[in-house]
Amino acid sequence: MASSLLLALLFLTLATVVNLKTDGPCPACWGATFDLESHRELLLDLAKKSILDKLHLSQRPILSRPVSREALKTALRRLRGTRAETLLEHDQRQEYEIISFADTGLSNINQTRLEFHFSDRTTGGVEVLQTRFMFFMQLPPNTTQTMNIRVLVLRPYDTNLTLTSQYMLQVDASGWYQLLLGPEAQAACSQGHLTLELVPESQLAHSSLILDGVSHRPFVAAQVRVEGKHRVRRRGINCQGLSRMCCRQEFFVDFREIGWHDWIIQPEGYAMNFCTGQCPLHVAGMPGISASFHTAVLNLLKANTDAGTARRGSCCVPTSRRPLSLLYYDRDSNIVKTDIPDMVVEACGCS
């Protein structure tokens, strides 16, 4: 309900701004007279609404289980060292990497049970591609240990966990270890919960076999993919001076300014940008506008233009966008890395 009211208020305010200036044929053609600073709050609200919509969130996450900065830095450093490849801009599918830190479950001297919680991301064609378990072990010098790692799942209509697969890992030194988990673990992650049980083959006289301290907290990294659309990058013309021609107006959204720096880890902000300016008839008809919240606003403004205007001119609209790479906490305090499509306006043209 609050989201709908915000959207309605935003549309109404933008429409009011444009209707005060009806000297142009297109409501998007604000030209050089558009006062950026006076509408700053309005644009920031638009940016927040767009990000939440693309992340399928009704409101910003409230962190229930904060993760220490030391654990966060360690996890990101380990992942960057083991996964060098990056998402390509021409990849047609949106990818996420979700990092879930372990909560200690039912454990004793013979075993350690770790619980990992994932938000429900299985809707909308999301596929879990890979699941990796990363943990730190500390052993006395000149010691070898064999660790049995079990994947436990809760079957439908069952109250007990079921063993679905297990892995044997030999450890001969203290340090970080990673294990690539199979389809059973991937299925568990897609259902929102994964349980791992670590059982040493022999008992060692050591108080901290598996460290779950501040900087050695075990975690699972799940790589998932969702189908998307192919985008082609084009260069745009930035607005300069007093030019009234169609151009790209740069606008930076600072996440600290809007109070989102506590749940968005990286980046510190992004260049939202928008299109403004006039479109002469001889440059009209450029294709390439893609459906987005930005486009919906412009379409509504166009519909609210003075009904008495007989001639509808060409509009200055986005013709190319690129994704926003975002690293953030979800509502379960998991770390999510994703590229949100169509967030940064790269080029503008005349519709």
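From the backbone N, Cα and C atoms, a Cβ is placed for every residue, glycine too.
The record in Swiss-Prot lists a disulphide bond between Cys348 and one of Cys239, Cys275, Cys279, namely Cys275. A disulfide bond in Swiss-Prot ties Cys246 to one cysteine from Cys29, Cys315, Cys316, and that cysteine is Cys316. Cys246 (disulfide bond) is surrounded by 29 other CB atoms, counting those within 10 A of its CB over all protein chains shown. Proximity to Cys246 (disulfide bond), defined by a C-alpha to C-alpha distance within 10 angstroms, is shown by the following recorded positions from Asn110, Asn142, Asn160, Cys239, Cys279: Cys239, Cys279. The CA atom of Asn110 (N-linked glycosylation site) is located 19 Å away from the CA atom of Asn160 (N-linked glycosylation site). The Cβ of Asn160 (N-linked glycosylation site) has 7 neighbouring Cβ atoms from other residues within 10 Å, across all protein chains displayed.
Within 10 Å of the Cβ of Cys316 (disulfide bond) there are 29 other Cβ atoms, across all protein chains.
In terms of C-alpha distance, the listed recorded positions Asn142, Asn160, Cys247, Cys279 place Cys247 closest to Cys348 (disulfide bond).
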